[in-house]
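Quick look at what TrEMBL lists:
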- 12-287: domain 'NADP-dependent oxidoreductase' (DOMAIN)
- Tyr50: active site, proton donor (ACT_SITE)
- Lys75: site 'Lowers pKa of active site Tyr' (SITE)
- His106: substrate binding site (BINDING)
Amino acid sequence: MMANSGTACPIIGFGAWAPDVGEERTTRAKQWLGSALKIGYRHIDTAYAYGTEKAVGDAIRESGIERENIFVVSKLPPHHHGRVAESLQETLDNLGFEWLDMYLMHWPIAAPYEGDDTGTPKALPTINDTWEQMEQCLQTGKCKAIGVSNCSIKMLEQLLKTVKVKPAQNQVEMHPYLAQNDLLAFCRERDIAVVAYTPSGMCSRVKKHPPTILSLRTTGTNVVRNDPVIVELAAKYNVTPTQIILAWHLSREVVVIPKSTNEGRQKENFNLPTLKAEDIKKIDGLDRGQRICNKPDENGLVWGMSAEQLGWV
Ligand SMILES: NC(=O)c1ccc[n+]([C@@H]2O[C@H](COP(=O)([O-])OP(=O)(O)OC[C@H]3O[C@@H](n4cnc5c(N)ncnc54)[C@H](OP(=O)(O)O)[C@@H]3O)[C@@H](O)[C@H]2O)c1
């Protein structure tokens, strides 16, 4: 898929989130990233906040694949909005690369930078300010394209008022239970590619940790894959439920970034059937606006912002 920046982004990418336990973000991550690259994935999605940037860089170097042939995405964390150029350089140093193919604002939310020990509280930048800094990064060649993540129509409208360069991508939670049709149409009309995270409807974080550890992401389970419509279609096409769900995204021309630590499942997610129109329609009918990965906590907040502020309701 071609981003509005002119950079080609493979429509099936690979997610690199990992839990912050043991060697999950280091040795283990390098291992499963290496196997994904061997299978053929050429689009890797990481973030400063995931702590896997070094593993991504090492896995790519060890794969022997030319850097030019892999689309590498990383993200600016909320607490770095006031220091975009420095944060991008830290990301590049972690990866050991000279440039990113796509640099995303991870959340349309600015948080205080903890490394600033002057004790003087500073006003937090708006997303428009942060975007301006990201546009400046484009000039340096350290990223080939810039985009956003977790942006609703409301947030995009606010951002688009001042941009010189439009976001090339918006990476959001999307799966059959959260089809986000209005957001998809809004982005499409403005030539902003949509990338689905938690594309299978099962967030890695929910699976790996009990809800008590991560109160923000609570009850999400494997509900989408167990939906009778998905299960029936999996039998019809002789594939797995996850393959049906990922194929549905491709039918909508949405980029997917599934993550699996398992070689067999990585292969599954990379080999998808083409769905018939009537089956796509059945999956379209499952939408219920249900967030599974990032949703408001018991105080109604998502990373400190209300669903109203984020434009989610
Ligand atoms: N921008 C953001 O704010 C944001 C938020 C969340 C995620 N992301 C990105 O999106 C990527 C993917 O999202 P995600 O990890 O939440 O969801 P996902 O890729 O839809 O699902 C991952 C979970 O499903 C399992 N899985 C994967 N393929 C499977 C298959 N074929 N059959 C059965 N189980 C399978 C994985 O376990 P195994 O490893 O055991 O296979 C893992 O627990 C992340 O890695 C990250 O890069 C971005």
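Cβ atoms here come from the backbone N, Cα and C positions, even for glycine.
Taking only the Cα positions, the spacing between Lys75 (site 'Lowers pKa of active site Tyr') and the residue listed as 'substrate binding site' is 5 angstrom. A distance of 11 Å separates the Cα atom of Tyr50 (active site, proton donor) from that of His106 (substrate binding site).
DSSP gives Tyr50 (active site, proton donor) a helix state. Most Cβ neighbours within 10 Å, among the recorded positions Lys75, His106: Lys75 holds that distinction in the structure as shown. Confidence in the domain 'NADP-dependent oxidoreductase' (12-287), given as mean pLDDT, stands at 93.
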